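As written in TrEMBL, here are the features:
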BINDING   GLY68, ALA69, SER70, ASP74, VAL100, GLY178, ASP183  ATP binding site
DOMAIN    65-248  domain 'tRNA(Ile)-lysidine/2-thiocytidine synthase N-terminal'
DOMAIN    292-322  domain 'Cytoplasmic tRNA 2-thiolation protein 1 C-terminal'
Amino acid sequence: MEEEGDAKPKKAGPRQCCVCNQRRAALKRPKTLEQICRECFYRVFEEEIHQVIVENQLFKPGERIAIGASGGKDSTVLAYVLSELNRRNNYGLDLFLLSVDEGITGYRDDSLETVKRNEIQYGLPLKVVSYKDLYGWTMDEMVKMIGLKNNCTFCGVFRRQALDRGAALLKVDKLATGHNADDIAETVLLNILRGDIARLSRCTAITTGEDGPIPRCKPFKYTYEKEIVMYAYFKRLDYFSTECIYSPNAYRGFAREFIKDLERIRPRAILDIIKSGEDFRISTSTKMPEQGTCERCGYISSQKWCKACVLLEGLNRGLPKLGIGRSRGLNQENSKDVKKGNGARSIESKQCGSLDF
């Protein structure tokens, strides 16, 4: 017989969920570090998003809402959660999926197949707009001309406008995007590093563009990227996880790595950066750009030409660097259209920002 002092210590049993105290914990929430079971994680994840929607009055009953759908984890989870909350809480919304085909072979063509499956899975109508149809160029064609540097600048500008044009075609009241807390924290840091006071003053707003063609809202403003991944994984949602082949050298990637390093040390850092961005106050002596409309296409712009028209003019001239950085030369009133380049249509024959076509 073993003596009392020789008894082996018992191993600790599995941790119980700190929310229900009934089921075994399946994960630790990155946002709060709580040990929680799957069922409670689904519930608190969805409830937090519901509270953000209600407290910020993101939607009104009867509104038509387009969900920016790329096929990635964020937009896929957003489409799934919004459709569930709309049904469960009687939001009374008409939901649509809106995708942009940038023309990136081996990336966007594959991810669009995922979106098409989501259309069937969630029963949401899908609209796809393409760079080729809107601007006369695919992203692959642009990269051949501009190289791997600065291509994200072109894509970001064109994509933003393409989403607005698609939303106008769908005649929606708002556009919901899958930007999460990590994305917003990255943007705050990027705007500080760039000294971009104008964007810094509005990048943390949960709803933007209310004075533009289509307001945009971010239901995932306070939702961590890791929790979105966990939710998609445990729910077995169908999403596309490959990174864009042109993005590894993007400036934002360095900010993203910095944010992840901070999160490993202190998970609360992401929300603290967002809070700092919300609390920034711009000096009254700071001159802010005045918003107007592009003389070329009618899209919102603080210059005579919107950035999309400037970039497209540079591409069509075969001089893409003209659209990078300061572009005073292209914003002159007497700038003339030139012959199209690389098979693209001229700006006059295909207005890049017109919402009526």
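Cβ atoms here come from the backbone N, Cα and C positions, even for glycine.
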Among ALA69, VAL100 [binding-site residues], residue with fewest other Cβ within 10 Å: VAL100
Neighbour tally for ASP183 (ATP binding site), based on other Cβ positions within 10 Å of its Cβ: 21
Mean of the pLDDT scores, which run from 0 to 100, over the domain 'tRNA(Ile)-lysidine/2-thiocytidine synthase N-terminal' (65-248): 92
All-chain count of other Cβ atoms within 10 Å of GLY68 (ATP binding site): 22
Where the record names GLY68, ALA69, SER70, ASP74, VAL100, GLY178, ASP183 as binding ATP, the maximum Cα to Cα distance in Å: 19
In the chain carrying SER70 (ATP binding site), residues 6 or more apart in sequence that have Cβ under 8 angstroms from it: SER99, VAL100, SER111, VAL115, GLY178, PHE240
Around the Cβ of GLY178 (ATP binding site), the count of other Cβ atoms that are within 10 Å: 22
